[in-house]
Amino acid sequence: MAKRDYYEVLGVAKNASDDEIKKAYRKLAMKYHPDRNPDSKDAEEHFKEAKEAYEMLSDGQKRAAYDQYGHAGVDPNMGGAGAQGFGGFADAFGDIFGDIFGQAAGGAARGGRGGPQVYRGADLRYSMEITLEQAAHGYDTQIRVPSWVSCEVCHGSGAKPGTKPETCPTCHGQGTVRMSQGFFSIQQTCPKCHGTGTYIPEPCAHCHGSGKVKETKTLEVKIPAGIDDGMRIRSAGNGEPGINGGPPGDLYVEIHIKPHSVFERDGDDLHCQMPIPFTTAALGGEIEVPTLAGRASFPVPEGTQSGKTFRLRGKGIKGLRSSIAGDLYVHVQVETPVKLTDQQRDLLKQFEKSLAEGGARHSPQSKSWFDRVKSFFE
């Protein structure tokens, strides 16, 4: 069965504030909590649905992903935006664009009934600047990122050599404690051991009891051709390590494309401003323009006006999800000559005089504009 819209579940508008979302969730949680409806499967499902909606909409990144892509943007099992067609990159650099916005850092789940909580490692993020050419053609590079590794002194236990972690006396190794609040009996993470089920009487001096130390590691990054500004590449398992056997987090490389001196990108299309002499605009001719693949030329017809746009098909960028390249839009700007010689001025005056004899035949836009101005004042 298709999932309901999260905003609909909580009964709030899409532009609802964080406080409005929280209040709506609390109201539903009180109404459908299993302790208040012990024999109602329907109430249990409503409670789970509200809890899931709140978890997504109360997290800024997840909410942004959901607003843009819907359930596919926050559910890794649904193959969200950009998740298809990139198996070839997975071997070199994880699952490209799989679950683009990732999960909340340090998510917890119980490792087993009665056992300590298992924590997923936190995600890491790395910002990288590349050129438009690198984005268009693809780019292989290396990055150096900080990484947490197991402490070699205590071998990851966090305890001073010769000692070992002991069972937490507060939760008796469960990782959680149960507290009663009014109608509810709430299970929460043990405040002493933070869900590990153990505590360390004598911490390792090298890692200060964390069981891990930070080092810098080098990763190969394969940036696919057609990547756009703001997109992220996910390197699975290269985030921080998990706790109590939990899976490691992921590394997200966020791509930023430097401004280009000639082109502006719009999706798979490119735009450029091309100055042309007024003689070419009047008489027509062939002009040459740069493209990301080299030079290209196209004819300019007689009487071309400044601001005219020419479309060169297939001279843009081949996008990630496209089998064909976008287009290049050339916006011509007719240049007016400056610093004329006396001879050039005389020639232009003769030319201007000859134009007056032709009237609107030579300047149709000017004639149309003056006609509109005249009717405006009448």
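Don't overthink the numbers, they just go from 1 along the chain as shown.
For all residues, glycine too, the Cβ spot is worked out from N, Cα and C.
Swiss-Prot has this to say about the protein:
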type: BINDING; residues: Cys151, Cys154, Cys204, Cys207; note: Zn(2+) 1 binding site
type: BINDING; residues: Cys168, Cys171, Cys190, Cys193; note: Zn(2+) 2 binding site
type: DOMAIN; residues: 5-70; note: domain 'J'
type: REPEAT; residues: 151-158; note: repeat 'CXXCXGXG motif'
type: REPEAT; residues: 168-175; note: repeat 'CXXCXGXG motif'
type: REPEAT; residues: 190-197; note: repeat 'CXXCXGXG motif'
type: REPEAT; residues: 204-211; note: repeat 'CXXCXGXG motif'
type: ZN_FING; residues: 138-216; note: zinc finger
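Recorded features from Swiss-Prot, shown on the structure.
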{"residue": "Cys151", "record": "Zn(2+) 1 binding site", "DSSP class": "coil"}
{"residue": "Cys168", "record": "Zn(2+) 2 binding site", "DSSP class": "coil"}
{"residue": "Cys190", "record": "Zn(2+) 2 binding site", "DSSP class": "coil"}
{"residue": "Cys204", "record": "Zn(2+) 1 binding site", "DSSP class": "coil"}
Shell of the Zn(2+) 1 site beyond Cys151, Cys154, Cys204, Cys207, same chain only (C-beta within 8 angstroms of their C-beta centre): Glu152, Val153, His155, Gly156, Ser157, Gly158, Ala159, Pro203, Ala205, His206, His208, Gly209, Ser210, Gly211, Lys212, Val213
Residue among the binding-site residues Cys151, Cys154, Cys207 whose Cβ has the most other Cβ atoms within 10 Å: Cys154
Distance [Cα-Cα, Å, rounded] between Cys151 (Zn(2+) 1 binding site) and Cys193 (Zn(2+) 2 binding site): 19
For the repeat 'CXXCXGXG motif' (204-211), distant same-chain residues with Cβ under 8 A (at least six beyond the ends): 150-154, 156-161
Cys193 (Zn(2+) 2 binding site) and Cys204 (Zn(2+) 1 binding site), Cα-Cα, nearest whole angstrom: 16
The domain 'J' (5-70): DSSP-derived helix, strand, coil residue counts: 48 helix, 0 strand, 18 coil
Length of the line joining the Cα atoms of Cys193 (Zn(2+) 2 binding site) and Cys207 (Zn(2+) 1 binding site), in Å: 17
Nonlocal neighbours by CB distance (under 8 Å) for Cys168 (Zn(2+) 2 binding site), same chain, sequence gap 6 or more: Gly175, Cys190, Lys192, Cys193, Thr196, Gly197, Thr198, Tyr199
Alpha-carbon spacing, Cys207 (Zn(2+) 1 binding site) to Cys171 (Zn(2+) 2 binding site), which is rounded to whole Å: 25
Cys171 (Zn(2+) 2 binding site) and Cys154 (Zn(2+) 1 binding site), distance between Cα atoms, whole Å: 24
Structural state census, the zinc finger (138-216) (DSSP three-state): 0 helix, 35 strand, 44 coil
Which same-chain residues, if any, lie at least 6 apart from Cys171 (Zn(2+) 2 binding site) yet have Cβ under 8 Å of it: Val177, Cys190, Lys192, Cys193, Gly197
